Amino acid sequence: PLISLLHVLFAFSVPFVYEGDILLRRGRRSAINCESCLWPKSQDGLVKISPGPFLFLAMTERSWIADALQEISTLTCVQFVNRTTETDYVYVEHGCWSYFGKIGGRQAVGLVKNGCMDKGAIQHEMNHALGFIHEQARSDRDKFVKIMWEHIVAGNFGKVNSKNLGLPYDYSSVMHYGAYDFSSSPGKQTIVPVPDPSIPIGQREGLSNLDVAKINKLYKCNRCSSVLLKSKGSFSSVNHPSPYPNNSNCLWLIRIRQSKIFLQFEDFDLQPSSDCSSDYIKIYNGNSKNSPVLLDKYCGKGPLPSLVASGSTMLVEFASDESITATGFRASYNRGMNTPLQSLENSINMFVWKNWNL
Ligand SMILES: [Zn+2]
């Protein structure tokens, strides 16, 4: 409810608002299929966007933003980097809104504490700037949700002629509205998933697996990244137990709501090398490659110790070089015991801020 209130509040304080928190340029109202508003790719295949300066923000708020953007930078080819000579870039203002796609020049993104600074909320607004609309505005949404028009007080719940990238509708997207957003009265849902109304929508804890896939597809990134959001599961290297391919580099981000994460390897066989610089697995205690390292580069044959992340995210990286493979690995994870989590502030790595002159 707080989020929807803020959406409304800030949405109506700025012109050309579309769907509650998206600003469109004058004359671009129908431009949802937008090629010219994508951010350009540099020769190294990366899409570099510089955020900032955010000088008016407190250190904790800056670290929340850094954490959210680092997750995008880790899992996709969209990289948030220090600004050098770029003329097109984003900066943060108060609010809870964004332009749709790159508009050229200095472009604001509205983010505000208490309602629009959850990791997923920051990523939501940044995703608009990357060219994404709301999930429930997709052309095929009527097969997945029912819009309760009679309970909607504001916002725009229309459908658009969207480019769906050949990827499925995603209830767990950070781009999906919550069930009660823009509701006229408490307890009245504005969006009901069909046929199963109990499917959760509107999460803002972080990118979903399909959010990552969609960024990588829209920007034609060659990335092997997965997000695992179930409370337990398993994953393995490509082709396991047959040999993994050369030159692979894959990431698995595990996120379990309000829980620690336990990881166990059931099978482990990677090409051995003296410092594991050839093929290796590396595990981070957090959601990005800037998070503290839980297990540094490891190779050869197991067994590996069980690993525990202190927060609700763990990142597993697997890389192979151009020669010699092995059968790879298989790992399973589950939620840890019900122990209190370290506070978010404690687990956030300040690395980024030392490198961005904000
Ligand atoms: Zn939005």
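Each Cβ is built from the backbone N, Cα and C atoms, and glycine gets one as well.
If you look up TrEMBL, you'll see Glu125 marked as active site. Over all protein chains present, the Cβ of Glu125 (active site) has 24 other Cβ atoms lying within 10 Å.
Contacts of His124 (Zn(2+) binding site) defined by a Cβ separation under 8 A and a same-chain sequence distance of 6+ are given as Val174, Met175, Arg204, in order along the sequence. Following the DSSP three-state reduction, the secondary structure of His124 (Zn(2+) binding site) is helix. Summarising the annotation, TrEMBL assigns Zn(2+) binding site to His124, His128, His134.
Within the model, the domain 'Peptidase M12A' (30-222) shows a mean pLDDT value of 91, rounded to a whole number. Among the features that TrEMBL reports, domain 'Peptidase M12A' is placed at 30-222.
Annotation comment: TrEMBL describes 224-336 as domain 'CUB'.
The signal peptide feature in TrEMBL is assigned to 1-19.
Minimal Cβ crowding within 10 Å, among the binding-site residues His128, His134, is found at His128. Between Glu125 (active site) and His134 (Zn(2+) binding site), the C-alpha separation comes to 10 Å.
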